[in-house]
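Asks: I have a structure here, written as structure tokens, and I will follow up with some questions on it.
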Amino acid sequence: MSGMRARQSMTFSAFQRAALRALAALTMLLATSVRSNFVFDDDPFQPVTQDETVAVGGVVTLTCSVKENDNSSLQWSNTAQQTLYFGEKRALRDNRIQLVKSTGTELIISISDVQLSDDGEYTCSIFTMPVRTARATVTVLGVPGKPVITGFDDPVEEGGKVSLTCTSSGSKPPAKLHWYRDQEEIQGRPDVVESNTDEPTYTVTSELTLTVTRDDNNALIACAVDHPSIANGDKRTEQPLSVLFSPSVSIQPESDLPREGEKFFLQCVGNGNPEPTAFVWRRKDAELPPLAKVDGAFLRFESLNKSDNGVYECEADNGIGMGDITHTLLVQDQEDSDLFILTSSLPSSSAFPTDSPEPSVSTSTEDETIPPFSSSSSSTTFPTSTLTISSTLPPFTSAPSTLPPSPEVPTTPLSNALFPDLTLLPSSVPTRTPPSPPSSSPATPSSVPRLNGVHTFTDPTAMSTSSGVDHAVIGGVVAVIVFIMLCLLIVLGRYLIRHKGTYLTHEAKGSDDAPDADTAIINAEGGHSGVDDKKEYFI
């Protein structure tokens, strides 16, 4: 029994030793693996790498470096553990892989035109004792394709629903889709992600349902892709909406002041989708005037008349629906359409003649306003060349009465005729000028049309002021000529006075010592014999 126990203990001891050896080997293996994935600052021979992310078709650069080197070479291997570069030597014949830099402490390579198959872990190794390694993960992004919008082929009527579907494929990782109406983001249904067959990419789908109104007509519905491989908005598809709706109608008149006797038209304008093509004109509570002709969207009047006044209705139809609107036509009299304007251009004196030599009211560049009289609250305004009276006046049925003017305030026959009870304030009357020659008859307005309580009077004597202007000009010219002649006479007189004097002739020679005049004549040289020789020259 003792011998059997001894053999069992020896067997157990051998098993323990074998187990310890296996555990030690496993520990060393794990230590080596952990050492290859982590950087120890105290190990100058441990290679250092970093992960990279690149989109399909791009270029990725892999860098491996160590602090110190004992003449050992650095090596890059791909995901299949195929050696790409061993120091400066190319190991794999792939023209996409190029050497960027190779030194004793650094090895840099680049991979161009990256494909999805290039995704994975790349290993950098340095062959020391033991061999040290580091791994770099290259993530290749699948670029999503441009989104495609489907489900909207034909226009939809106002109030209907539109279902749109947006699809984008080829993304890795899956992309996100966003909906926009013009520039405003709207919410659609959650994205549906599906894996593509035989490819590590995904297809993303999103749906949008809208209840459209007429405001959605021609609106742009856009679907945009959001993915790290592209900038926002680079992949975007827009789809305009077409919404059918009944027309909204308006009537546009040819002018805002239709006049009696003129040509005139009303235009019916319809805004709808499609544009209205059928128009119907009606007149409320009556038939259309006999001279009114319907021309599609136009209602034309050959010659307006007071009988054309009324309410007109236009109805437009575009096949989707109808819209109508009314317009009130008010024809103005030919006389009512013109304001009462005094067409005389007033010079320094008033255009209204007076029966007495009293001065008349002169014109002013500013409007002079007459205060209201006792029986009316309206006012009378006299501008420079027009006279507008805003009041309600009865028609002129009798000759105007003339009141004696006030000694303080001047008046005219026209103002006395129009406003017999009106008293002007002295402060409202401008500076007076000399009166024009009186006429034989008082001024009488030629016509008294009336429009909205505004009366305008035309003075037939206003044109007579032109002859007064001509006489004034002629008189001024004559005065200037007379003044110039007087100035010339004064200058000539002063000149003659300055040159006045005496002069001696040979007649008085020898007469200075004569006692009297007779003796002087006798003693003069030559006596009478020199009479023929005497000559005088006057200039």
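Glycine is treated like the rest: Cβ placed from N, Cα and C.
Please treat TrEMBL annotations as automatic predictions, because they have not gone through curation.
Sharing the features that TrEMBL gives for it:
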type	residues	note
COMPBIAS	348-364	compositional bias 'Polar residues'
COMPBIAS	370-398	compositional bias 'Low complexity'
COMPBIAS	441-450	compositional bias 'Low complexity'
DOMAIN	47-139	domain 'Ig-like'
DOMAIN	147-242	domain 'Ig-like'
DOMAIN	247-332	domain 'Ig-like'
REGION	348-459	region 'Disordered'
REGION	507-527	region 'Disordered'
SIGNAL	1-36	signal peptide
TRANSMEM	473-497	transmembrane segment
Asks: Using DSSP, break the domain 'Ig-like' (47-139) down into helix, strand and coil residues and give each count.
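Replies: Here the numbers are 3 helix, 48 strand, 42 coil.
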Asks: Kindly state the mean pLDDT of the domain 'Ig-like' (247-332) in the predicted structure.
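Replies: 93, rounded to a whole number.
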Asks: With DSSP helix as H/G/I and strand as E/B, how many residues of the domain 'Ig-like' (247-332) fall in helix, strand and coil?
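Replies: Helix/strand/coil tally for the domain 'Ig-like' (247-332): 3 helix, 50 strand, 33 coil.
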